[in-house]
Amino acid sequence: MSDSSIVNLSKEGDSNFSSATINLSKVDDTVNVSNATINLSKVTIDPSNQMSNPSNQGINLSKCTKVELRFKCMNLKDMDTFSKSDPQIFVYEKKGNNNNNNNSKPILIGSTEMISNNLNPVFKKTVTIDYHFERIQNLKFEVLDIDGGGKNDTIGDFSITLGNIISKPGKKVIGEIKCNGKQTGTIEIIAEEIQETGQNIILKLQGSKLDKKDLFSSDPFFKIFKSSANGNLLVYQSPVIKSNINPIYNPIIFKLEEFNGGDMFRELTFEFWDYDTIGDNDFIGSFKTTTDEILKGQVREFTLINPKKLSKSSYKNSGKIVFTDARLIAQPTFIDYLSGGCEINLMIAIDCTASNGMPSDRTSLHYNTPTHESEYARSILAVGNVLAPYDSDGKIELLGFGAERFGGVTSHCFQFGPKAEARGIEEVLSTYNKVIPTIKLSYPTNFQEIIKHAHKKSIKGVDSKNQKYTILLILTDGEITDMEETIEEIVKASSKAPLSIVIVGVGIASFELMKKLDGDENQLSDKNGVIATRDIVQFVPFKKYENDPEQLAAETLCEIPEQLIGYMKSQNYFPNMKN
């Protein structure tokens, strides 16, 4: 540090100041603040100076930018015996300034799709990440061979900072995938900044008189590409429509920034192909356009051209494509769905296993008196009081699991109390207090049946016009013994059910398995390698927030809005008109 120092001052909002006293001293390389006075009337504040210390935490140093990452791999090591590998890329971010910082766990940011039997895969699904210029963002790209029959095999991984990708020409990096120090393939990563628009685009395409590539017809599908400095980038590939030269495709919905990067005049290419089970697919034809042209409707019908046929005098085109629907809609919010009539249903499941202790015992987690509320009772109140107002009819299904029932058989899903449903949290609590002393606690602790029950009930009568969403609140004191079966049920529900599962851990157990079910650090997958399409589980230990019920509720329920929106989008359900 020199004898003269520069002090940067910033002013936020409408704060007024005229002078400040700052105490400065220096010991070795440490600057201590002690005594200095600055007359602010003689200080010029440059509003363009945004520089600050990147190590300062809790301060938003710059607005983050959304960056889309897309991938392809080359010459992957074949991990299978009788076929080629089925690769999938998982992207992790490790917090901290050093890749060797072992104190921080990598966080799963996203993943690509799995591509079957391919050692040179080009992935369609991208991963979007927030880019902070002022932070070092260490990324790890793990390439797995997805094994449908058991444990996935690691092909290898590649690590780099996001800043290094962004700074490369064309924002493109090619790196070596390694496993145990040996190269097992090559990965290409292309980054693209995307402008958030808050808009979705809906497209519906219909074909007419496409070329017959097979004996009597074609099996057409299409691909959408957006132009970039690195060539055309694949945005979407449609399902195949069998034996139809006049195909009508289901509507497709994109975030506008994913579709065109927020640029309405960016060139788009639509390619149509004939699918062949054996051999290469046959090119039918293509056309180029822009989002602006599609939406304005100046041209809604496009001609497919195959350049190889242009030299033929009799050639006119290879078919026509019409956009029967093309429009922008705002990205829906949680409140939009609620305002449109989406019903929220609450289910509460209570752990009745012997590990809780007899309810009459003062050390029991179920010991509950007017002067001593049990952790179960306090959890019901804290979380239930937030959720209950959203429950459309006020009826809350109350379940139990892990108790001995009729004939001495342990039930892992049963009606808790004389009625299947309670009206409001007060009745839930009243029923709990009356019934728990009469329950014969048993073992083991299993979740599968409870989740299966919630899954089946949540999907009844749900469609785009009758939107419903169920929240299953599970209160438990320990680890489960049916982990594999529970994961399988969660994975099934993640793709099919309008369901979120909230788990509150009661007591002092480690809850390591509950943390795994949460899926925040590692994407949940079942024994067959099937990966959960949505993160639908949130776990919170009660002890951490027992003196702050509001924070307990906030931590427990913070992911629900995004989980509901994620399900609705996966089903192409948009908010209904407000009543």
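Keep in mind that glycine also has a Cβ here, set from the backbone N, Cα and C atoms.
Per Swiss-Prot, the feature Ca(2+) 2 binding site maps to Asp80, Asp145, Asp147, Asp153. In this view, Asp153 (Ca(2+) 2 binding site) is surrounded by 17 other Cβ atoms within 10 Å of its Cβ, with every protein chain counted.
Annotation source Swiss-Prot lists Ca(2+) 1 binding site at Asp80, Asp86, Asp145, Asp147. Shown in sequence order, Asp86, Asp153, Gly529 are the residues of the chain, 6+ apart in sequence, with a C-beta less than 8 angstroms from the C-beta of Asp147 (Ca(2+) 2 binding site).
Summarising the annotation, Swiss-Prot assigns domain 'C2 1' to 45-175.
Among the features that Swiss-Prot reports, domain 'C2 2' is placed at 183-304, with the record citing sequence analysis.
Mean model confidence for the domain 'VWFA' (345-552) is a pLDDT of 91. Under the heading domain 'VWFA', Swiss-Prot lists 345-552.
Highlighted in sequence order, Met79, Ser85, Asp86, Leu144, Ile146, Asn152 have their Cβ within 8 Å of the centre of the Cβ atoms of Asp80, Asp145, Asp147, Asp153, the residues recorded for Ca(2+) 2, and are not part of that set. Helix, strand and coil counts under DSSP for the domain 'C2 2' (183-304) come to 11 helix, 59 strand, 52 coil.
Of all the binding-site residues listed (Asp80, Asp86), Asp80 has the fewest other CB atoms within 10 A of its CB. Listed in sequence order, the residues of the same chain lying 6 or more apart from Asp145 (Ca(2+) 2 binding site) and placing their CB within less than 8 Å of its CB are Met79, Asp80, Ser85, Asp86, Pro87, Asn152, Asp153, Thr154, Ile155. For the recorded site, Asp153 (Ca(2+) 2 binding site), the DSSP three-state label reads strand.
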